[in-house]
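Feature annotations, courtesy of Swiss-Prot:
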TRANSMEM  25-45  transmembrane segment
TRANSMEM  87-107  transmembrane segment
TRANSMEM  125-145  transmembrane segment
TRANSMEM  149-169  transmembrane segment
TRANSMEM  179-199  transmembrane segment
TRANSMEM  204-224  transmembrane segment
TRANSMEM  278-298  transmembrane segment
TRANSMEM  311-328  transmembrane segment
TRANSMEM  343-363  transmembrane segment
TRANSMEM  365-385  transmembrane segment
TRANSMEM  422-442  transmembrane segment
Amino acid sequence: MGCGAGGSCTPRPPIRQQQAPETRVVAVVFLGLLLDLLAFTLLLPLLPGLLESHGRAHDPLYGSWQRGVDWFAAAIGMPAEKRYNSVLFGGLIGSVFSLLQFLSAPLTGALSDCLGRRPGMLLSLAGVATSYAVWAASKSFAAFLASRVIGGISKGNVSLCTAIVADLGSPSARSKGMAVIGVAFSLGFTLGPTLGAFLPSETVPWLALLFAVSDLLFIWCFLPETLPPEKRAPSVTLGFRAAADLLSPLALLRFSAVARGPDPPTGVRLGSLRGLGLVYFLYLFLFSGLEFTLSFLVHQRFRFSRVEQGKMFFFIGLTMATIQGAYARRIRPGREIAAVKQAILLLIPASLFVGWGHTLPILGLGLLLYSWAAAVVVPCLSSVVAGYGSPGQKGTVMGTLRSLGALARAVGPVVAASAYWLAGARVCYTVCAALFLLPFSILRTLSPPARTLKAE
């Protein structure tokens, strides 16, 4: 209550809780996601050796998986070489991990729309930490596979990071936040494998667990709630029922969970959202396939060792981080779609250079263009999609998008590996180059409404 000069007192307006500063939110999301990705990517350079050790131990579960891999390799005509076999085995495990993300991401997003981002994030990170604890505590293939299953189901924290950024008020903050998420991915996939390659294999699971627990404590202490109670979905049951629509790929592509929710985008905007989701799926389907077969190509054509492949992926990650820091995060709101179209067009010569080049300079030029596209497309598309839906739908919207990406990453490597070994590298990469015209053409039809996006 305040008193004026005449002695009269008037009640002051109630003090409202201030929304968390956007810069702080983005910084916490970046550091938390980086810790999570470092824990996840520590495993990558150890995976071939880990699988070989389970094979030498004559693990019965590993043997049954190996027979399935051998059957698939024979079906697509892949040479019976141990190195190729380990890449294919690891890729199939990665596809299972992505498939579990596809199933869990929309449910996590719907839960966060009702209960808030913090509870959903803490629950996901607790599951991730549990997965590393299972891996560290036991050395059997069954325990390793169980840790991957728990981790895949719990990996909704990544889609929640995008939902938290989508909660931010201004389009410029959302755009920069999505770019910062891209930087975290680039740094995580650059530093994590490098660190894992130099550590003793028995140390890596415990370090991954340390990173995961540190991430959980960091988020507990510093992440503010970005979805206030008055903007949340009214019922978690309704959210789960809507999210169940996303277990159907067709319903997923139609954003059915969003369309049936409260205050959904309608008309042209709903059509644009569906088009953007299709572009996201097609891009990651093609891109993840090229990414997976790249290990086959450089070993077959250039005889790259594991160390040389590590250097190659370090170059890709460092280039992506540089482009995201210097260019992608500076893209103005409304210009994201134009940047995505340019990046997708760059993938056409990139695919041809990689698929047809027989010299290291040509390969390097292709990888440079490939890295540019990888640095731009996902952050910009995520930023645009974040503008759709009411505040209480952001988790479902971004969970849907993440689920589309996980589905693409689950099937893309299998299809690309089949095409690579059945038709050859040149045909595989040429067909992929031509198919990149599909998402580009869809974006041309969506450009006008997409540029005028604003939070609903």
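Just so you know, glycine gets a Cβ as well, placed from its N, Cα and C.
Contact between the transmembrane segment (149-169) and the transmembrane segment (25-45) is supported by 3 or more Cβ pairs under 8 Å, counting only residues 6 or more apart in sequence. Note on the transmembrane segment (278-298): residues 84, 87, 91, 253, 304, 308-309, 312, 340, 344, 347, 351, 354-355, 363, 370, 373-374, 377-378, 381, 385, 401, 404-405, 407-409, 411-413, 415-417, 419-421, 425, 428-429, 432, 435-436, 438-439, 442-443, 446 of its chain, located 6 or more positions outside it, place their CB under 8 angstroms from a CB of the stretch. Beyond its flanks by at least six residues, the transmembrane segment (365-385) meets 162, 165, 171, 174-175, 177-179, 181-182, 186, 273, 276-277, 279-280, 283-284, 287, 290, 312, 315-316, 319-321, 323-324, 327-329, 331, 333, 336-337, 339-340, 342-344, 346-347, 349-354, 357, 397-398, 401, 405, 450, 453 of its own chain at Cβ-Cβ distances under 8 Å. The recorded stretches the transmembrane segment (204-224) and the transmembrane segment (422-442) do not share 3+ CB pairs below 8 A when only pairs 6 or more apart in sequence are counted, and are therefore not in contact.
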